[in-house]
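Report on the following structure.
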Amino acid sequence: MKRIGILTSGGDAAGMNAAVRAIARSAMNAGLEAYGINYGYKGLVEGNIFKMESTKLDEIINRGGTILYSARFPEFAETETQLKGIEQLKKFGIEALVVIGGDGSYHGAEKLTMHGYNSIGVPGTIDNDIPGTDFTIGFDTAANVAMEALDRINDTATSHQRVFVVEVMGRGAGDIALWSGIATGADAIVIPEREYDIEAIANKISENRKNGKDHGLIVLAEGVMGAAEFKEKLDQYGDFDSRAITLGHIQRGGNPTVKDRVLATRLGDYAIRLLLEGKGGLAIGIHDNQLVATDIIDTLENHKHQTDVSLQDLNDRVRF
């Protein structure tokens, strides 16, 4: 093997650049050539491919977003489009592809694997919803951004005796809501993985008022419903001075945390080591702080990410 390709796909996540750097540098230091593919699978099919230079990778480990850009490209679900992508890879002499991204990105790598092309998936998404890994690149940064925003909102809630319903990202997973909610002492954390009772939440906030806590913070995962809708339903069960806030895309950007930079570096280097061993068709990740690799087809077809819902029980035990 002489050449590998790298692409980022789907929603951007802080730490993707650190992964790109690690993959490219590890490949170059092993005597391989690294090729970047701009705009994800769309750029792959269009041949937007270039040879990477080590000197251009010096200042990206600390940057959010992705220097390779990203684009949604649902057309890659079609067999004909997948084969066009493989043609481009062969045209550039690229013998293996490392894909950094989330669920949709992994399915693209899975399809390439099914066509006999060597691909490895690196988990990069703020949602932390990829099977085969405890944590994804970008999750820690997003959770920290959400935590900082919730701390600020809580200051205002305290000052004005208000109840805030704050919607955080996560797609269909409640991990960002759970982790940021626990870290900010939320009165309630509402996630898709568990049933919830809005009336019971309202009663708890009313009870808190009687016991001396005159403000409230509800952290809501976007996979449940929107903040405005939740607030409207909450207000039916109490006389609250409530506000609804959606944090939105602020959770994706910004400098990655130390955890995301190190995780991305470990996973990027691991992808190259596996390729050098002649292995491929894999989804890589981290489990109990150990790097792991699983068959990407089996991982996507037979496994699901498991959100640690016991964290919600923890929050219930330590809240006001």
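Heads up, the Cβ atoms here are built off N, Cα and C, so glycines get one too.
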Listed co-binder of substrate (same site as Thr125, Ile126, Asp127, Arg162, Met169, Gly170, Arg171, Arg243, His249, Ile250, Gln251, Arg252, source Swiss-Prot) among Glu193, Glu195, Glu222: Glu222
Which of Gly11, Gly15, Gly31, Gly36 belongs with Arg72, Phe73, Gly102, Asp103, Gly104, Ser105 in the ATP site listed by Swiss-Prot: Gly11
Which same-chain residues, if any, lie at least 6 apart from Ala186 (ADP binding site) yet have Cβ under 8 Å of it: Leu150, Leu217, Ile218, Val219, Asn315, Arg319
Helix, strand or coil at Thr125 (substrate binding site) [DSSP, three-state]: coil
Separation of alpha carbons, His215 (ADP binding site) and Arg243 (substrate binding site) (Å): 11
Fewest other C-beta atoms within 10 angstroms, as judged across Gly102, Gly104, which are the binding-site residues: Gly104
